[in-house]
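Quick look at what Swiss-Prot lists:
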- 32-39, 59-63, 77-80, 144-147, 176-178: GTP binding site (BINDING)
- SER39, THR61: Mg(2+) binding site (BINDING)
- 24-196: domain 'EngB-type G' (DOMAIN)
Amino acid sequence: MKVNPNNIELIISAVKEEQYPETELSEVALSGRSNVGKSTFINSMIGRKNMARTSQQPGKTQTLNFYNIDEQLIFVDVPGYGYAKVSKTQREKFGKMIEEYITKRENLQLVIQLVDLRHDPTQDDILMYNYLKHFDIPTLVICTKEDKIPKGKVQKHIKNIKTQLDMDPDDTIVSYSSIQNNKQQQIWNLIEPYIS
């Protein structure tokens, strides 16, 4: 699968179902804790530097951001979870917004859950993965920041994350570095069956 980086646009930032775009395109949602690198991942996958706004400040994405990717699919950037400085009320609001999207959106075909390869999955990572499995949502786990781990230890870290998430044998886990940028095609190939 190839995408034209010049044919990508943010369609809408939504907080409720009525605002979701009316489209026939399949959707791939990206979830992960705050600062795991969701926006950086989106930018590196589509070959654009600043399409999805990155921030040093965790918890910056507060809406569901729908990106039309070359009229082939829609990436949905979901607010990051597990950010302590967001108020309890705000966390509950995010929770409801994400739940409504995940449980009601028929266009949703796949969730890419991003976890930090350097660390054990957080309790929130585990809860999110279990939540997706509870609703039978196909999930691709991408371990970000691969470049921060010595090459010889990458597989050990992947195995650890797979074990701690208690991953479904049908789900795939891949390590990724937005800096090395060498696995986009592999990931597009994993996404493609869900959107055709």
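Every residue gets a Cβ built from N, Cα and C, even glycine.
Counting only residues at least six positions away in the same chain, the Cβ atoms of GLY37, ASP116, LEU117, ARG118, SER177 sit under 8 Å from the Cβ of LYS145 (GTP binding site). Here the binding-site residues are SER39, THR63, and the one whose Cβ sees the fewest other Cβ atoms within 10 Å is THR63. A strand conformation is recorded for GLY32 (GTP binding site) in the three-state DSSP classification.
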